[in-house]
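Notes to accompany the following structure.
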Amino acid sequence: MSGASRGLFWAATCLAALCLSAAQSNSSASPNVTDPPTTTSKVVPTTLTTTKPPETCESFNSCVSCVNATLTNNITCVWLDCHEANKTYCSSELVSNCTQKTSTDSCSVIPTTPVPTNSTAKPTTRPSSPTPTPSVVTSAGATNTTVTPTSQPERKSTFDAASFIGGIVLVLGVQAVIFFLYKFCKSKERNYHTL
């Protein structure tokens with residue numbers, strides 16, 4: 001091998017060894033392997049039956065559904081409108097100081113505003129960097145003064161271990177290449193003497 005290729009070979013070898021040692025130190029956790037138990041147990045399949053909880057009047061959240069409810073245990077639900085407590089709810093018990101509504105005709109319809117769907121809603125995006133708008137303050141007999149509000153940009157600073165290790169490997173690799181290039185150049189300056 002000539003002197004130039006020998007230096008590059010050593011640089012590549014050192015870089016490969018450095019990368020391998022960094023990879024081994026990164027995967028320091030050894031797998032915890034245990035032998036499976038030798039005894040076997042017979043698994044008996046069981047079926048899980050879920051019972052439906054009894055339906056109560058409290059499960060209804062609107063006047064119409066409460067009044068139209070027909071429960072399995074013949075309970076009549078009544079929509080209660082308690083103005084003093086500012087509370088409306090469905091119950092099977094009558095409460096004093098509350099207005100009872102037993103038919104859908106007595107249920108008041110609350111006007112609702114239409115909720116935009118995905119097809120009509122415009123997506124709102126947050127600006128990537130806040131751009132404060134300057135405000136101009138003027139007073140009688142004074143000069144215009146422009147005041148720009150200051151705000152801190154959002155930062156997500158987290159430590160990334162993989163990038164840190166990659167940076168170390170990169171710096172050490174560059175240093176190894178520079179070192180071997182320096183050694184190569186120094187070896188060319190020597191005078192060779194015959195024996």
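Using N, Cα and C of the backbone, Cβ positions are placed for all residues, glycine too.
Summarising the annotation, Swiss-Prot assigns compositional bias 'Low complexity' to 119-140. Per Swiss-Prot, compositional bias 'Polar residues' is recorded for 141-152. The feature N-linked glycosylation site is assigned by Swiss-Prot to N26, N32, N68, N74, N86, N97, N118, N144, with sequence analysis given as support. The region 'Disordered' annotation in Swiss-Prot covers 27-47, 114-154. The region 'Required for endosomal and lysosomal localization' annotation in Swiss-Prot covers 189-195. Sequence annotations record features per position, and here Swiss-Prot assigns signal peptide to 1-23 based on sequence analysis. The feature topological domain 'Extracellular' is assigned by Swiss-Prot to 24-160. Annotated topological domain 'Cytoplasmic' per Swiss-Prot: 182-195, in sequence order. According to Swiss-Prot, the feature transmembrane segment maps to 161-181, an assignment based on sequence analysis.
Swiss-Prot feature annotations superimposed on the structure.
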{"residue": "N68", "record": "N-linked glycosylation site", "CB count, 10 Å": "13"}
{"residue": "N86", "record": "N-linked glycosylation site", "CB count, 10 Å": "7"}
{"residue": "N97", "record": "N-linked glycosylation site", "CB count, 10 Å": "9"}
Three-state secondary structure, which DSSP defines for N68 (N-linked glycosylation site): coil
Pairwise Cα distance for N68 (N-linked glycosylation site)/N86 (N-linked glycosylation site) [Å, integer]: 23
Stretch-averaged pLDDT - the topological domain 'Cytoplasmic' (182-195): 77
